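**Q** Could you have a look at this structure, given as C-alpha cells, before my questions?
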C-alpha cells in the first residue's frame, strides 16, 4: 500500500543483515523524519550555521527582555541593575548549556538534527492525509528535530533558574527600591515567557525564515529611539557616559548578527565586507541629527525660511 501524506512514513521494525522489515505507514518516531522513499530515517546531520543562528536568536529573546525590564524597573540610580543584568546573563547561559547537554546526544555540547527543507516542515500537523476522506492518518511529528522543541526546553530551564536565583539576589541587593518594585522585573518575565512560548509554538517556522530581517529592523529602530531619547547629536555626546557606548556596541553586534544571518556566509570573501555596513546607521544618525532638531525646524518655520 502506498504511503500517502507529505510526512507519513514507514518505521523500521527489524533489521538482520540485508533484511529489513518496516511497519505500516504512519507517524515517524521522535528524532526521525521521512525521506523521498517514504521511510523514516534518523536525524543524524549536524545543524547548519543558519540553524545555530536561529537558535541563538531564540536564546537572545528572553535575555534581551530580561535586560530591558531590569533597566526599566531598577531606576537610574539603582546599583542593583548591574548585578541583575549579570545574573540574567548567567541564567540564560546556564539554561543554554543544560539544554544542549540533555539533548540528543546526551552529555555533549552539540546536537543532531534533521535538515529544514521547506516552511511546511514546521507545521506537519496541517498535512495529515485522509485517504478515504473520513479517516485521518495522524503523521504529526517534529520534522525539523530538534529545532522546534529545543526552544521550549531552553525556556523551561530559563524560567526555573530565574525562580531559583533571581528572587534571592533581588532581596539581598535591591535595597534602593521599594518592596513593590523589587520583583517587577521577575513578574514581567512571568508574562513574557508564556508569550515567547506561544510565539514559538505558532510562528516558529515563520521566525526561522524571518529572524535576520527582524533583528536588523528592530535593532535599527531601537538604536534610533535610544539616541533620540538620550539627545545624542554628536560623537562627544556618546563619550559622556560609558552606558551609551555599551548600548551602541550592543546594537552593532546585533547588526552584524543580522547581516551574517542574511548572507549565511556562503561565500566568505564576498560576505565579510558587508560587515563594514555595521556602523553606517549610527554614523548616518550623527551626521543628520542636527538637520532634524525640532527647535531648529520650529525657529526656521517662524522666520519664514
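In case you wondered, yes, glycine gets a Cβ from its N, Cα and C as well.
Predicted automatically and left uncurated, TrEMBL annotations should be read as such.
Predicted, not measured: the structure shown is a model, and the values here were computed from it.
Dumping what TrEMBL says about this protein:
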{"type": "TRANSMEM", "residues": "52-70", "note": "transmembrane segment"}
{"type": "TRANSMEM", "residues": "82-102", "note": "transmembrane segment"}
{"type": "TRANSMEM", "residues": "145-165", "note": "transmembrane segment"}
{"type": "TRANSMEM", "residues": "186-207", "note": "transmembrane segment"}
{"type": "TRANSMEM", "residues": "213-232", "note": "transmembrane segment"}
{"type": "TRANSMEM", "residues": "244-260", "note": "transmembrane segment"}
{"type": "TRANSMEM", "residues": "272-289", "note": "transmembrane segment"}
**Q** Cβ under 8 Å to the transmembrane segment (82-102), counting only same-chain residues 6 or more beyond its ends: which ones?
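**A** The answer is 59, 62-63, 66-67, 70-71, 74, 108-111, 150, 153-154, 157-158, 161-162, 165-166, 169-170, 173-174, 185.
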**Q** Give the nonlocal contacts of the transmembrane segment (52-70) in its own chain as ranges (CB under 8 Å, at least six residues past its ends).
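**A** Same-chain contacts beyond the ends: 81, 84-85, 88-89, 91-92, 96, 147, 150-151, 154-155, 158, 162, 184-185, 188-189, 192-193, 196, 200, 207-208, 211-212, 215, 257, 260-261.
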**Q** Which stretch from 186-207, 213-232, 244-260, 272-289 shares the most C-beta pairs under 8 Å with the transmembrane segment (145-165)?
**A** 186-207
**Q** Can you say which of 186-207, 244-260, 272-289 has the most Cβ pairs under 8 Å with the transmembrane segment (213-232)?
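**A** Looking at each of 186-207, 244-260, 272-289 in turn, the most contacts to the transmembrane segment (213-232) are made by 244-260.
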**Q** If we skip the immediate neighbours and take only residues 6+ beyond the ends of the transmembrane segment (272-289), which ones have a Cβ under 8 Å from one of its Cβ atoms?
**A** 220, 223-224, 227, 232-235, 248, 251-252, 255-256, 259-260, 263, 265
